[in-house]
Amino acid sequence: AETAPAAPADSVPASVEKPPAKKRGKKPVGLTGTSRKAPSASVSKLITEALSVSQERAGMSLAALKKALAAAGYDVEKNNSRIKLGLKSLVGKGILVQTRGTGASGSFKLSKKAAPEPRKGKVKKPAAAKTKKLVLSRDSKSPKSAKANKRAKKSRTTAAQKAARSGRKTKEAKVKQQRKSPAKARAAKPKAGNPKLTQQKTNPRKATNRK
């Protein structure tokens with residue numbers, strides 16, 4: 001009778017130790033839930049990439065989208081519901097525009113706001129063009145200044161040439177005057193010599209008379 005109460009004392013701690021084992025088993029369930037949420041982001045990326053590649057103006061249908069995703073290596077049959085949820089979320093965010101149909105069925109295309117990358121490239125090109133225009137405007141201004149400098153130099157050279165020509169003309173005029181003045185002096189000298197000759201001619205007669 002004394003050994004009987006010892007057995008239930010051993011069974012009580014065993015029952016107390018079991019609940020923490022059950023709590024540990026609940027943690028992996030939360031991890032699996034987080035792992036299921038991750039593929040939705042990849043699905044939305046694949047959908048946006050497929051629509052950016054498509055050249056259809058009216059948009060891409062759901063069947064064509066599934067084909068593009070399957071070609072990219074995505075399992076469409078297992079993740080059909082995720083594709084539809086991804087399409088709805090993208091339409092709600094404004095990244096996609098539904099051109100036809102309702103809900104997940106129909107055709108979709110990227111909105112203008114969802115493609116900023118090509119616009120950035122287009123914006124960068126005009127910026128480079130503006131810099132080129134500024135450089136060209138600076139270069140265009142420099143030839144004008146060079147032309148103005150050339151004109152100023154030409155005006156200076158022409159003024160110097162005119163001054164040199166006027167100096168030459170004055171020198172030539174002086175030389176001509178100097179040439180003319182000795183000729184006049186020469187012409188005047190013989191006139192002064194004629195009376196002497198007459199005196200010499202008259203002098204012999206006077207000598208004969210004296211004789």
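Glycine is treated like the rest: Cβ placed from N, Cα and C.
Annotated features in Swiss-Prot:
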- 1-16: compositional bias 'Low complexity' (COMPBIAS)
- 32-42: compositional bias 'Polar residues' (COMPBIAS)
- 121-135: compositional bias 'Basic residues' (COMPBIAS)
- 147-156: compositional bias 'Basic residues' (COMPBIAS)
- 176-189: compositional bias 'Basic residues' (COMPBIAS)
- ARG57: citrulline (MOD_RES)
- SER142: phosphoserine (MOD_RES)
- THR158: phosphothreonine (MOD_RES)
- SER166: phosphoserine (MOD_RES)
- SER181: phosphoserine (MOD_RES)
- 1-42: region 'Disordered' (REGION)
- 101-211: region 'Disordered' (REGION)
- GLN55: site 'Important for nucleosome binding properties' (SITE)
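Features per Swiss-Prot, on structure.
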| residue | record | contacts (Cβ under 8 Å, 6+ apart) |
| --- | --- | --- |
| ARG57 | citrulline | LYS109 |
| THR158 | phosphothreonine | none |
| SER166 | phosphoserine | none |
What does DSSP assign SER166 (phosphoserine), in three states?
helix
